[in-house]
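Below: the structure, in structure tokens.
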């Protein structure tokens with residue numbers, strides 16, 4: 001039951017606020033509670049701003065807590081200019097000298113709660129959060145300070161994704177080697193789970209080699225948690241934490257262990273731990289982008305010297321898109337606390353250093369005190385009792401000094417104390433003014449009662465009443481603060497004089513002691529007034545007048561020479577007051593004169609500006625007209641140039657087209673002419689060769705062989721009827737049948753050639769080159785065929801003649817077609833000369849046709865090779881209908897004889913299909 005009551009009382013004390021803090025801030029709700037403090041959301045009554053009020057309970061309980069509190073205040077003040085570090089607004093001390101109050105700017109949430117909610121942060125938000133975090137750490141590291149406690153709960157964030165780093169209780173400098181460190185003592189403790197998951201390996205193994213890489217490891221853990229939405233290494237103890245880290249990272253080398261430094265925990269890193277691929281960084285962050293995985297791997301490196309620095313990390317592709325020059329903030333000097341960071345001092349030294357810091361800030365900002373309770377964070381007013389006690393102690397230590405010296409020494413101490421109080425006080429409250437008035441009346445009564453009735457000076461004149469103050473006036477003039485300090489000094493001097501009078505020797509009379517007292521009091525008053533002279537002069541004339549009247553009313557008036565001097569001083573003050581009134585009366589005229597001068601100067605300046613603007617406008621109008629004309633001319637010129645360019649382009653296109661057509665026509669005409677000329681030459685050659693062949697083989701081409709061939713190769717009657725006109729016999733007496741048919745052949749061939757030339761020339765004009773028909777140039781079907789010769793002219797197959805079926809017969813199974821080239825014989829008694837002539841013509845025709853066919857095939861092969869080499873399509877101007885020829889059928893009945901023409905060799909042209 002007792003333990004429960006104690007715990008309940010402790011909890012109630014934690015929840016309570018100091019009276020001074022409660023009077024300044026309106027607490028709205030509690031935001032959170034930690035191991036060292038509690039945070040409220042509050043509103044400042046003075047500025048109406050929403051702030052975060054943090055109470056550090058038992059801040060000076062021991063040296064460790066005192067050093068933690070001191071570090072947090074010092075480093076927050078040093079880094080308060082950075083936008084990504086939480087700003088310390090104000091600090092307050094508690095009345096119990098144990099608790100401590102810190103006032104921060106208000107932030108809506110922290111990163112831990114944002115991650116815990118789920119998919120609140122998108123990829124761009126994570127990148128921006130990481131950029132701000134790296135930017136803040138870079139600024140901290142530029143001051144040679146490390147945070148050492150980076151975790152999501154220490155990173156504040158608002159709805160606009162603005163981030164601020166907080167909680168600098170574990171931060172420290174790297175300027176010198178430390179003697180004591182709180183992390184060395186509890187580095188291996190298992191109850192500090194919240195931060196263990198984000199600690200670097202060198203801290204887990206209790207290494208003394210602290211570097212800035214500690215914070216970079218924490219950044220990697222935070223980024224991994226944002227991407228994975230849960231911590232990367234959730235160790236249940238320090239050993240388990242090290243095992244999880246080693247499992248996820250690559251193999252540990254001796255160089256990695258040496259980089260951490262010798263420690264008892266380095267043995268854990270050197271152990272062979274079985275690695276599971278499921279817990280590697282690649283597997284845990286498989287859903288992340290490549291840039292994010294790359295940054296995490298670069299930060300989570302076992303060797304602290306190989307980790308990315310803050311300056312390198314801010315240029316990483318994952319966050320480089322947010323980098324801009326204006327955000328680059330660095331400290332160009334190290335942050336050095338007033339108390340050395342590597343030495344642990346007493347609790348009182350840390351407390352006194354912080355209290356002095358509060359006093360200096362109070363003096364600089366001139367803040368007002370909300371009430372005069374003892375729990376205020378401002379220094380209390382010195383009580384006269386304490387001053388008297390100090391004076392007694394001082395006089396007891398110096399018994400040989402004179403009474404004047406004994407009174408002078410405590411007064412100097414009080415003057416110094418009063419100066420300090422004047423700097424610390426921002427204003428005085430009504431309760432303080434009442435207390436001062438009561439004290440002054442008590443001092444006056446003591447000074448009057450100290451003298452005997454016989455030697456008492458005449459009663460002083462009635463003091464002037466104090467200037468009343470309105471209850472609604474909240475501002476207190478500065479001169480009243482100074483006057484209050486003077487009155488306190490007078491009270492201290494009077495109290496010290498009273499004590500001295502009670503202890504003085506019996507031989508000194510009361511009149512003498514009273515005179516000395518007044519003389520010394522006058523000197524001390526003059527000294528106090530001189531110390532506050534500058535502050536009084538800085539006040540407005542009305543406040544100076546009020547302070548002077550208040551001083552005259554409250555100052556004690558002696559009745560001897562001192563009173564005469566005081567009267568003279570009053571006259572001087574009245575004169576000074578009249579001069580101030582004159583100055584105050586003439587002040588408005590000078591002000592009005594100055595305002596008039598300023599107004600005239602302003603009017604002149606405005607007039608000059610208007611004139612300048614008008615001149616600029618006229619100049620622009622004058623310059624714009626020629627510019628418009630020039631622009632119009634240029635536009636017209638550009639249009640003309642465009643038209644000419646278009647016409648020139650069209651003309652060039654037409655010329656190129658006509659040139660191509662002309663070139664094609666010239667090429668086609670040249671091709672046709674060359675072809676005709678070539679055919680003529682070949683016909684002449686074939687004629688000569690045919691004649692030579694007939695002369696050489698006259699014995700072979702006898703009448704018997706010809707009759708045999710005519711019988712087998714006689715044409716049908718239908719074809720004879722179609723060519724009846726062409727096969728009409730010449731009149732008797734005009735040449736032989738062979739000469740008649742040859743002359744007809746030559747005439748018809750010449751006509752056909754002329755007709756084809758005309759057709760080619762006509763097609764050359766119409767560009768119709770697609771279907772050229774040159775079949776008639778090679779066919780010879782204009783000779784009349786012989787009629788069937790009687791069977792009696794054919795020898796028996798085995799008679800032994802030329803046409804017999806024996807091996808020695810040269811005309812066996814040779815079915816030649818001479819019928820198309822010779823006349824039909826009605827009687828077998830035809831003239832032998834005519835037959836010989838016909839046979840010669842037939843041989844000549846066969847030779848010419850064979851040469852033509854071979855040459856044509858040769859030309860076609862050359863033409864095809866040329867097309868294949870150029871890899872181009874066959875042009876229409878070169879296209880003509882190819883003549884298809886039958887292949888020679890192999891004869892399996894008789895051996896080949898070169899002197900024996902076959903039907904395929906002699907009459908192949910007759911079997912070709914008619915062209916369309």
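Backbone N, Cα and C define each Cβ position, glycine as well.
Site annotation (Swiss-Prot, ligand ATP) includes 31, 32, 33, 34, 35, 36, 37, 38, 39; from 48, 54, the additional listed residue is 54. When Swiss-Prot is compared with the stretches 792-813, 814-835, 836-857, the one noted as region 'Disordered' is 792-813. Here Swiss-Prot gives region 'Disordered' for one range in the set 588-608, 609-629, 630-650: that range is 588-608. Here Swiss-Prot gives region 'Disordered' for one range in the set 308-363, 364-419: that range is 364-419.
Spread of the ATP binding residues is 14 Å (greatest Cα-Cα distance among 31, 32, 33, 34, 35, 36, 37, 38, 39, 54). In the structure as shown, the Cβ atom of residue 33 (ATP binding site) sits within 10 Å of 13 other Cβ atoms. Per-residue pLDDT, averaged along the domain 'Protein kinase' (25-319), amounts to 83 for this model. Here the CA atom of residue 149 (active site, proton acceptor) lies 17 Å from the CA atom of residue 33 (ATP binding site).
Under DSSP, residue 33 (ATP binding site) is assigned to a strand (E or B) in the three-state scheme. Annotated ATP site 31, 32, 33, 34, 35, 36, 37, 38, 39, 54; additional same-chain residues within 8 Å of its Cβ mean position, judged by their own Cβ, are 55. Over all protein chains present, the Cβ of residue 35 (ATP binding site) has 7 other Cβ atoms lying within 10 Å.
Long-range Cβ neighbours of residue 37 (ATP binding site) (same chain, at least 6 residues apart, Cβ-Cβ under 8 Å): 54, 55, 56, 57.
In the three-state DSSP reading, residue 39 (ATP binding site) counts as strand.
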